[in-house]
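Novice: Have a look at this one before I ask anything.
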């Protein structure tokens with residue numbers, strides 16, 4: 001019986017290796033599917049597109065606030081979710097025959113150094129919203145946390161994924177609001193950051209990805225997905241997927257390095273920044289029932305005073321701490337109080 005099982009296992013492994021190629025299931029590129037590289041390539045191109053739009057918005061080239069726009073925000077979450085899900089798929093494909101510790105820890109080391117570099121850089125460039133637990137931090141940690149699930153039954157994978165998705169709605173505490181604990185994802189508020197993928201609920205996507213990875217180990221499914229790039233564009237995307245970490249690390253310095261000098265010469269840069277702020281401010285004000293003339297006057301005043309007080313960068317941050325929100329609210333209340341009494345009285349009469 002033992003001999004039969006070993007022979008059967010050997011035949012299944014050989015069949016799988018024939019499907020995706022011996023050179024891709026063994027050695028340094030073990031368990032690699034070209035289709036996975038293609039998906040990762042599409043995702044990293046999407047990241048470059050999103051960051052270009054974000055940079056244009058942040059530097060005032062366009063009036064749209066990309067960081068707060070619902071469509072762009074959803075696009076960013078889909079991209080991040082794709083990378084997190086691929087963590088689970090790659091873990092299964094690369095280590096289903098046993099964890100290859102040396103390449104695993106080498107990859108974790110590279111990710112950790114890259115994540116630390118991202119944090120250090122964003123502390124200098126975006127001190128009010130630096131990245132303390134972004135996508136690279138998440139991928140490094142999630143890869144380690146997922147190791148015990150490599151041998152777990154599939155039903156346990158799915159049950160754990162459901163629990164990870166649900167827990168943040170059931171358990172929340174201010175104790176997790178500090179940056180050094182915010183990565184867990186169970187706080188009542190999130191410290192400001194330009195990129196944030198906490199353990200709960202994002203780790204659930206890794207577990208789902210591991211389930212997908214197990215499905216890909218099925219020879220019948222692998223045979224259908226044994227695709228090879230034929231055109232130039234497909235090959236470019238596959239190559240981008242295999243070099244996604246390098247692209248992720250270098251694309252923002254290149255984009256910002258090219259755009260920053262132009263931004264200072266761009267005649268409408270400040271006007272676009274003001275337009276973005278005023279649009280959000282007026283929308284928030286009118287939702288309280290105030291008249292448009294009151295909101296316009298108060299928001300115009302707020303924009304001027306925030307710049308004068310050196311709080312403009314804080315106001316532009318996608319997320320604010322309670323102290324920062326208090327500073328901005330103080331300016332807004334002062335500006336609202338400066339609105340002519342006749343306008344405020346007219347506003348009260350219409351309510």
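Note: Cβ is positioned from N, Cα and C throughout, glycine not excepted.
Nobody curates TrEMBL annotations by hand; they come from automatic prediction.
As annotated in TrEMBL:
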{"type": "DOMAIN", "residues": "32-253", "note": "domain 'Heparan-alpha-glucosaminide N-acetyltransferase catalytic'"}
{"type": "TRANSMEM", "residues": "33-54", "note": "transmembrane segment"}
{"type": "TRANSMEM", "residues": "74-93", "note": "transmembrane segment"}
{"type": "TRANSMEM", "residues": "105-125", "note": "transmembrane segment"}
{"type": "TRANSMEM", "residues": "131-150", "note": "transmembrane segment"}
{"type": "TRANSMEM", "residues": "155-171", "note": "transmembrane segment"}
{"type": "TRANSMEM", "residues": "199-222", "note": "transmembrane segment"}
{"type": "TRANSMEM", "residues": "243-266", "note": "transmembrane segment"}
Novice: Take the transmembrane segment (33-54) and find every residue of the same chain, 6 or more past its ends, with a Cβ under 8 Å from one of its Cβ atoms.
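Specialist: Answer is 20, 24, 66-67, 72, 75-76, 78-79, 82-83, 86, 89-90, 93, 216, 222, 225-229, 234, 236-242, 244, 247-248, 251-252, 255.
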Novice: With pairs 6 or more apart in sequence, are the transmembrane segment (74-93) and the transmembrane segment (199-222) linked by at least 3 Cβ pairs under 8 Å?
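Specialist: The answer is yes, given that the two segments have at least 3 Cβ pairs within the 8 Å cut-off.
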Novice: Can you work out the mean pLDDT of the predicted model over the domain 'Heparan-alpha-glucosaminide N-acetyltransferase catalytic' (32-253)?
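Specialist: A mean pLDDT of 93 is what the model gives the domain 'Heparan-alpha-glucosaminide N-acetyltransferase catalytic' (32-253).
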